[in-house]
Amino acid sequence: MISDYRGLPKNIYIIFVVQIINRFGDFVFPFLTLYLTSKLNLSFATTGVIVMVASLISIPGSLLGGKFADKLGKRKVYIVAQSIAGILLIPCAFLNTPSFIVIGILLATFFNAAVRPSISSIIADILPPNKRQLGYSLNYLGINIGVALGPIVAGFLFNHSLPSLFIGDALTSFIAVSLVIMHVTEVNPISSEVAIAEEENDESGNVLKVLLRRPRIIILLLIYIIYSFVYIQHRFSLPIMLDNRFLVQGPEKFGLLMSINALTVIILTMWITNITKRFKSLTNMGIAGVLYAIGFGMIGEINTFSLYIVSTILWTIGEILMATNFGVYIANNSPRNYRARLSAIGNLTNSLGGALGTSLMGVYIGFMGINAVWFVTFLISCISAILMFSLSILTSREYQS
C-alpha cells in the first residue's frame, strides 16, 4: 500500500509537504466568522455578507489563476500568488481599522484561490496518466493532515495572540513558497514533443471551445454540481440536524464527527486508493455517489450517535473517492495547455454546487423541516450515481468502437 507511493518524482513529495504546511497554516479563514463578530464586533448581517463575498471572490481567483498558470507556468503562478496572499495578511495583524482588515483578508482569499489550479496541474504535468491517482491521493492526504492539525493551533492563537493568527498564516505561506522555489522545477508539457494520450494534445481557441469539443467533461461537470450539492450538507444540514437531535450537545457532537471525518481521510486514503486504482475514475466516482446516498440518506432514519459515526465514515469514503478521481479524469482528458483552466472550472462547479446546496436546502428546511432533507439527498445521490455509472459505460463503449 505505502510501497505504491515509492518511486514517485521528488516534486510530488515536495508538493505533499507544501500542502501540509499550507493547510496547517490556513489559520484565518476557518475563524473568519468568529473574528468578524467577536473581535471586530460586526453584526451578523454584515458578517454574512463578508463571508459570502469571500466565497464568491475565490471563483475569479481560481479562474484567473488557472489561465495565468497555463500561459506563464504553474510554478511561477504558485510562487507569486501564494507570496502575495501571505504579504496581504501581515498588515492585518497590526491594523485597527476593520475595513482595511476585511479588504486584506478578501484579497488574500483571492490569491489563495489562484494557487489551487497550479498545484493540481503541476501534479498532472509531472505524472503519467497511470500514476496520477497516486499523486492526487497523496496531495489530498497532505491537505487533510494540515486541516486536521491546523485548527488546534489556530484556536489557541485566536484566544491568546490574535496578531499571531495572521503572522502564522503568512509565515507558513512563505515556508511553502520557499520549498517550491528550492525543490520544485517548472514542468512545461506544452513543449513536450508527443502527448501521452490524444486527449492531451495541445489545442487552440478559448476554453469554451475546448470544453465543447469534450462533451464528456461537460457532462461530468454537471454531475459534479449535484455531488457538491449533496456533499455540502455535511457542513450545512448536518449541524442543524445534530442540534435538533442532541440539543445543547449538538455542536460538540458535530465537532467530533468532523474529527472523525479528518481521521478517516488520513487513515483510509492510501488503502482506498490501493483498492480502487484498478477501476476507471468514472466508476470510482459512481461508487462515491452510492456512498453519499447511503451515508447521508441514513441520517434521517437514525437516532444513536454511533450510527452518525457510521454515516460519517461512509460519506467520507465517498469524499475520498471523489477527491482522488475527479482531478485525475479532468487531467487525463484535458489539453496540456488548458489543464489549469479546466481544473479551475472544476473548482467553479464545486463552488456552484455548494452554493446551491446551502441556498436551496435552506429554503427547503424552512418549509419542510430538517428531517425531510435526508430523503432528498438520498434520492439526488442515487440519480447522480446512476448518471456517473452511465457516463462510465458510455465512455468505455466509445473507446471500444
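Every residue, even glycine, has its Cβ placed from backbone N, Cα and C.
Taken from TrEMBL as is:
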DOMAIN    11-400  domain 'Major facilitator superfamily (MFS) profile'
TRANSMEM  12-36  transmembrane segment
TRANSMEM  42-65  transmembrane segment
TRANSMEM  77-96  transmembrane segment
TRANSMEM  102-126  transmembrane segment
TRANSMEM  138-158  transmembrane segment
TRANSMEM  164-182  transmembrane segment
TRANSMEM  217-234  transmembrane segment
TRANSMEM  254-275  transmembrane segment
TRANSMEM  282-299  transmembrane segment
TRANSMEM  305-330  transmembrane segment
TRANSMEM  342-367  transmembrane segment
TRANSMEM  373-394  transmembrane segment
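Within the same chain, the transmembrane segment (138-158) stays apart from the transmembrane segment (42-65): fewer than three Cβ pairs sit under 8 Å, each pair at least 6 residues apart. Outside the transmembrane segment (12-36), and at least 6 residues removed from its termini, the chain residues within Cβ reach (under 8 Å) are 42, 46-47, 50-51, 54, 82, 89, 92, 102, 105, 108-109, 112, 115, 119, 122-123, 126-127, 135, 138-139, 141-147, 149-151, 153-155, 157-158, 165-166, 168-169, 171-173, 175-176, 179-180, 183-184.
Within its own chain, the transmembrane segment (77-96) has Cβ neighbours under 8 Å at 22, 28, 65, 68-69, 104-105, 107-109, 111-112, 114-115, 118-119, 122, 162-167, 169-171, 173-174, 176-177, 180-181, 340, counting only residues six or more beyond its boundaries. Scored by C-beta pairs under 8 angstroms, the transmembrane segment (217-234) has its highest count with 373-394, from the stretches 254-275, 282-299, 305-330, 373-394. The transmembrane segment (282-299) shares the most Cβ pairs under 8 Å with 305-330, out of the stretches 42-65, 254-275, 305-330.
Proximity of distant same-chain residues to the transmembrane segment (42-65), defined by a Cβ-Cβ separation under 8 Å and at least 6 residues beyond the stretch ends, is recorded for 29, 32-33, 36, 77, 81, 98, 102, 105-106, 109-118, 340-341, 344-345, 347-348, 351, 355. With a threshold of 8 Å between CB atoms, the same-chain residues lying at least 6 positions outside the transmembrane segment (342-367) that come near it are 55, 58-59, 62-63, 65-67, 113, 116-117, 120-121, 124, 207, 210-211, 217, 221-222, 224-233, 236-237, 240, 326-327, 330-331, 334, 373, 376.
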